[in-house]
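Participant: Take this structure, written in structure tokens, and hold onto it; I'll ask about it next.
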Amino acid sequence: MLTRRIIPCLDVKAGRVVKGVKFLNHRDAGDPVALAAAYNAAGADELVFYDITASSDERAIMVEVVERTAAEVFIPLTVGGGLRSVEDMYRMLRAGADKVSLNTAAVYNPHLIAEGARRFGSQCIVLSVDAKRVNAPGEPPRWEVFTHTGANPRPTGLDAIEWIKRGIDLGAGEICINSMDADGARTGYDLELLQAITAISPVPVIASGGAGSPADMYRGIVEGGADAVLAASIFHFGDYSIADVKRYLAERGVPVRQTFGSEVGTSTGA
């Protein structure tokens, strides 16, 4: 088994990190640059920033956040939210991001994936998918892709598994799958969804949505087949540290990069 990655996710709104439950009822979690620096010191393997405002007037704030963060951290940084063109991707990569995450824009313009992969390489393109279970009880499992996830998520009619297959064919180098049913609920990842995706994906898969404990992350990797596990609230609000998770995984035979940094506490919300 290859080394598995632990990735804190920072949802950024108006220059602050927030976290909600199923995309609603956001709580302030702190300053993004301070949190990123703390996670870097604590041994996180990567960081993900999502600009959940993503309006044109907020975009300059996000570019500045990425620039300041890139000057402080020395682990890969992925940035997503509102990236609608190759130029948008270029601005974030130039600001210091290592990868860009495409979601809603890719659904409405799938060739944006191919254009980004052609310009920057597949290793820079993460296809992020928000999926909701839509099968009736007793039916085979089925998940639909939603866009504009927030206060007004929009169904697309796209089957999540088929959309991911197409995204990979177009050049996505990594998949981040977020269970809308589990997001922020801290009841564990949707293992059935993860299994369905990892069974067909030749590229790395990041599990997102639902992590409430190191045990959930272990199951996401061992049972779900994820290459990396992403979490937000359990880290932001001090329930567990990166070291707690890595220790739990290592004790159960999951290979992780050793952590030598400090713990992430609640003092990063300046």
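Just so you know, glycine gets a Cβ as well, placed from its N, Cα and C.
Per Swiss-Prot, active site is recorded for Asp11, Asp130, and the stated evidence type is sequence analysis.
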Participant: With a 10 Å radius around each C-beta, find which of these active-site residues (Asp11, Asp130) has the fewest other C-beta atoms nearby.
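Facilitator: Looking at the active-site residues Asp11, Asp130, the Cβ with the fewest others within 10 Å is that of Asp11.
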Participant: Quick check for the class: what is the C-alpha distance, in angstrom and rounded, between Asp130 (active site) and Asp11 (active site)?
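Facilitator: Each residue's Cα considered, Asp130 (active site) and Asp11 (active site) end up 14 Å apart.
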